[in-house]
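Below is one structure; the comments refer to it alone.
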Amino acid sequence: MSAKTYPVLKAAKAQALIDNDKYLKWYEESIEEPEKFWSKHGKRIDWFKPYTKAKNTSFKGKVPIKWFEDGLTNVSYNCIDRHLKTHGERTAIIWEGDNPYIDKRITYNQLYDNVCRLANVLKAHGVKKGDRVTIYMPMVPEATYAMLACSRIGAVHSVVFGGFSPEALAGRIVDCESTFVITCDEGVRGGKPVALKENTDVAIDIAAKQYVIVNKVLVVRRTGGKVGWAPGRDLWYHQEIAKVKPDCPPVKMKAEDPLFILYTSGSTGKPKGVLHTTGGYLVYAAMTHEYVFDYKDGEIFWCSADVGWVTGHSYIVYGPLANCATTVMFEGVPNFPDQGRFWEIIDKHKVNIFYTAPTAIRSLMGAGDDFVKRSSRSSLRLLGSVGEPINPEAWEWYYNVVGDQRCPIVDTWWQTETGGILISPLPGATDLKPGSATRPFFGVKPELVDNEGKVLEGAADGNLCLIDSWPGQARTIYGDHNRFVQTYFSTYKGKYFTGDGCRRDEDGYYWITGRVDDVLNVSGHRLGTAEVESALVSHHLVSEAAVVGYPHGIKGQGIYCYVTLMAGHEGNEELRQTLIKHVRSEIGPIASPDKVQFAPGLPKTRSGKIMRRILRKIAEDDFGALGDTSTLADPGVVDDLIANRQNKASA
């Protein structure tokens, strides 16, 4: 735990929307009188029919969560139409291509035209309110148009990260029974093409075998690369939008109508379709965007995430556009053409607020300061971090080298399920401690409990729960509300269990210590160990697999796989590489194993349960305190695992 404290910067305090007194006053009201607080702040978006009650929620029983429930609104209207009178010619999106010489600016007027046309294309091909549309796209403006077009007509979008494999895409199409897919001929990342249309074709064939038939595929031409074509099913985006009108009225949506499904990893193998609804989500995304980033009208905001993750949904698309900000959308990667790319983009587009992940910060820190120093970064006023806890060394580098000691850092903690930021400093209100997410946002009530569920007071180390709802909270898991209740509300009755461990210090600051369930956080992306295990076991030579995380210098957590082969087979380097490739093709490159250890057996209890605690310790090269191994069916396997570990300190 870092002992250093950085007081609120004078310059940040002077112009901040919220100082410490205001934070304390608002926070108290948000906790003591949530109905009054949220009734007031719900008005930050436009409503066709105003709500009469803000909050109607319970974390007990079937966990019904409803916010602003009798109000009518439309997300697309709030992100576009309401800005047109005053700011139609303001840049809504700055698109920076993978190639540093290609960029594009889209005004709010142009955004309106593009979104309305795409909405009309969807309607022309039979997409109705409530239908699920899968978006499998690279970081191009059309991905944003697709999300907003769905929200305009009441269709529910399911964005799938363009780095996922055809198998992963198919699983997500099948789960939400999506019949319309929007994709690209190819994506471009780091100068290399990504075969999105080809992957989509494979995924559609897999889905069809599970009786989910995709009727239409709308294809954006990005590279002009050669693609397969199914006449009658496949449609060119540029041809379709030319046939329709540039106006489409927004559908009046109930606040609790579904807005999107986003799949996230759970501790069991099947990804969960987290469902967010319309009113509460937008209020919360817009409000956190304004106050956490201390956003001022006309500023340029860059979140370097991908729209395939929740961070992209809330802080590239919905939060910034609801606030009439200029949002930067970057197609490429931080190290192409070289490791100075982020800082060059900041100078080129005069970015004021920059929000990225600790993994990127650590890898760019490793490349040395020269790449940073050749840019001025003089437009920067605020830095943010998201996706995983940031280690103090990376925080200090980000603050001192990137921000020149003049930009506050907001280290934000939240999840796919929370819709927006829950714990974070506010730049004009919060003294900073490197590595701490600091204090809860308005309306957020954290609680630490021990493994038995006993509430821990004061400075303590425990499991992080939330004891009351906030507007951005997910409402269910698509098609499986029982799983929603079981996953989040059954471990500690009446509380939302985050799955994260957390320490609270004597100042009441929160320090996230990492996952306490079977979920990995690799480069800020969640991956279920069970997902990786089932990918490994699907290989014909693998009899059993166990996957754990271990500390990784760049990614935060690396993926360590223990593999038992079928009888008569020996592990070797060639097979190790084959298995790594196999996992990549089953899930995608983000799931690429870092270490594969062949093991004759895994440590199991007599009831057959794998003792992951032991595997974690061995993966961490820390087996001095393995605890009680007497319950193991075959204690001898532990010695073999230790002898053949892949992570020896000397290695």
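Note: Cβ is positioned from N, Cα and C throughout, glycine not excepted.
Note that the structure is predicted; figures quoted are calculated from it, not measured.
Taken verbatim from Swiss-Prot:
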type	residues	note
BINDING	Arg189, Gly190, Gly191, Lys192, Thr311, Asn335, Ser523, Arg584	CoA binding site
BINDING	Gly387, Glu388, Pro389, Asp411, Thr412, Trp413, Trp414, Gln415, Thr416, Asp500, Arg515, Arg526	ATP binding site
BINDING	Val537, His539, Val542	Mg(2+) binding site
MOD_RES	Lys609	N6-acetyllysine
Where His539 (Mg(2+) binding site) falls in three-state DSSP terms: coil
Where Arg189 (CoA binding site) falls in three-state DSSP terms: strand
Minimum Cα separation from Val542 (Mg(2+) binding site), reported as the residue among binding-site residues Gly190, Gly191, Lys192, Arg515 that achieves it: Arg515
Integer Cα-Cα distance in angstrom, Thr311 (CoA binding site) to Thr416 (ATP binding site): 8
Candidate nearest Arg584 (CoA binding site) in space, where candidates are the binding-site residues Pro389, Thr412, Val537 and distance is Cα-Cα: Val537
Spatial separation of Thr412 (ATP binding site) from Val537 (Mg(2+) binding site) - C-alpha basis, Å: 36
Cα separation, Ser523 (CoA binding site) to Arg515 (ATP binding site) (Å, whole number): 13
Spatially closest candidate among Gly387, Thr416, His539, Lys609, the listed recorded positions, to Ser523 (CoA binding site) (Cα to Cα): Gly387
Gly387 (ATP binding site) and Asn335 (CoA binding site), Cα-Cα, nearest whole angstrom: 19
Cβ-based neighbourhood (8 Å from the centroid) of the Mg(2+) site, residues Val537, His539, Val542 excluded: Ala535, Leu536, Ser538, His540, Leu541, Ser543, Ala545, Val563, Leu579, His582
Spatial separation of Gly190 (CoA binding site) from His539 (Mg(2+) binding site) - C-alpha basis, Å: 30
By Cα-Cα distance, the member of binding-site residues Thr412, Trp414, Thr416 nearest Arg189 (CoA binding site): Thr416
Annotated CoA contacts Arg189, Gly190, Gly191, Lys192, Thr311, Asn335, Ser523, Arg584, maximal Cα-Cα distance (Å, integer): 24
For Trp414 (ATP binding site), the one of Gly190, Gly191, Lys192, Lys609 that lies nearest, given that the recorded positions are compared by Cα: Gly190
Neighbouring C-beta atoms (10 Å sphere around the C-beta of His539 (Mg(2+) binding site)): 19
